[in-house]
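Engineer: OK, TrEMBL features for this one:
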TRANSMEM  28-47  transmembrane segment
TRANSMEM  59-79  transmembrane segment
TRANSMEM  91-114  transmembrane segment
TRANSMEM  150-168  transmembrane segment
TRANSMEM  174-195  transmembrane segment
TRANSMEM  225-245  transmembrane segment
TRANSMEM  257-276  transmembrane segment
TRANSMEM  288-305  transmembrane segment
TRANSMEM  311-328  transmembrane segment
TRANSMEM  349-369  transmembrane segment
TRANSMEM  375-393  transmembrane segment
Amino acid sequence: MWQGIFVCDKVYFIEKSYNVCMKTSRKIYAMNLFSNLIFYAPVALLVRTNRGISLSQFFVLQAILSVTCMVCEFPLGVLTDKIGLKKSIVLAQFTMLTARIFLLISNNFMLFAVEALLEGIAFALNSGTISAYIYKLFGDDNYSNNISKFYNWGTIAFIVSTVMFPFINSRWNINALIWVTIIANVIATVISIFIPDADNSIETEEQFDLSKTLKLLVHDKTFRVIVLIVSLFNLSFLLINFFYVKVIIDNGYSENIVSPLILAYSGLQLSQTFIIKYLGEQKAWNKVRLFSVIASLFFAGLCVISGKPVVLLMIILPTILSVLGIFIEKIQNNYIDTIGFKNHRATMLSAFSFFADVFEVVFLLANSYISSFNYKYIFVFIAASLLLSAIMLRNDNAVKSVS
């Protein structure tokens, strides 16, 4: 009889925990959905140029955003660890909402610069925070599955806003696109207030000194390898954004198929959750190596294959990279656990982002020279780099021990 009561209590506890997790998941997924409904994205340049911003000023604004992200990475990572992950997420949503409002009212360079600054701060606040939040909330065994679902809702938002863009723009105007985006941002901000706190229990760990820790990280081979992989991953998506149009045109297609192509590969990216569920959460580093090799082959294929097969490669490649990115994030969190800085997870993830940005700048400068010959050389470079990194990691026991 008592055993039956205990079993019932256990079942009730598991069922209650499952329901709490489901409610939590719905809230953070909904927040990501509404925060990624950016209806003016296809005309982001026109929003500025229609109000007197020149093309050169537009690139200056993008530089302000990028520099703000880099400069604020560490300070806001430290702030996040002090105030808590949830408060940082709410602050990021509110800051982005403020940036959108500035975008609506801006009519000169200075106001647009403030908007870019606020947007950069919001990105820096979110950098690593969401990853840390989901990792602490769901744990190592359920991280990849839940973070992939979280990203899927962002992809759904992108698809919805892209499909609705022509209808809103033709019926009203560009300002209406910003207004609808602001409304979605308000909803995302409100939802963020009601997401639960992650587990903020403080665990015993080595005393944390930021400057000393950074010096140790720079000299740690595992850290450098992970930063390299993160940089190559970021650069891979940059190549897709910059050069897919060029690949389309070079293969005899009209640039008009770019939008359907983007929607097609975005739709396919939704399958990443099923791929990750099939592969499982264990041995993440082996999966990073596997998908690095696959991505390398796809980039090489874009250089040597022509015609319809190229379009198929272009549709599949972003999904390959998305799955790779999720397992990279898991390894970053595993590494933080291994070195004993769980209570400074946001700061450590900011360190990964910062050094990856530095590597990325080096890669971009190198590729700016390579691209002067032929853009396909950049694809060859990234393919070779991904393949080389996978080969380097094959027998690296120190790296494999973190996942």
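Cβ coordinates are placed from backbone N, Cα and C, and glycine is handled just like the others.
A TrEMBL annotation is a machine prediction, not a hand-curated record.
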Engineer: Sort out for me which stretch, of 59-79, 174-195, 225-245, has the most Cβ pairs below 8 angstroms to the transmembrane segment (91-114).
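Structural biologist: Stretch with the highest Cβ contact count: 174-195.
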Engineer: Hey, which bits of the same chain come close to the transmembrane segment (59-79), Cβ under 8 Å, at least six residues off its ends?
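Structural biologist: Residues 48, 53, 88, 109, 112-113, 116-117, 119-121, 123-125, 127-128, 210, 346-351, 353-354, 357 contact the transmembrane segment (59-79) from elsewhere in the chain.
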Engineer: With pairs fewer than 6 apart in sequence excluded, do the transmembrane segment (28-47) and the transmembrane segment (174-195) have three or more C-beta pairs that lie under 8 Å?
Structural biologist: yes
Engineer: Ranking 28-47, 257-276, 311-328 by Cβ pairs under 8 Å to the transmembrane segment (225-245), which is first?
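Structural biologist: The listed stretch sharing the most Cβ pairs with the transmembrane segment (225-245) is 311-328.
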Engineer: Could you name the stretch, out of 28-47, 150-168, 257-276, 311-328, 375-393, with the greatest number of CB pairs under 8 A to the transmembrane segment (288-305)?
Structural biologist: 375-393
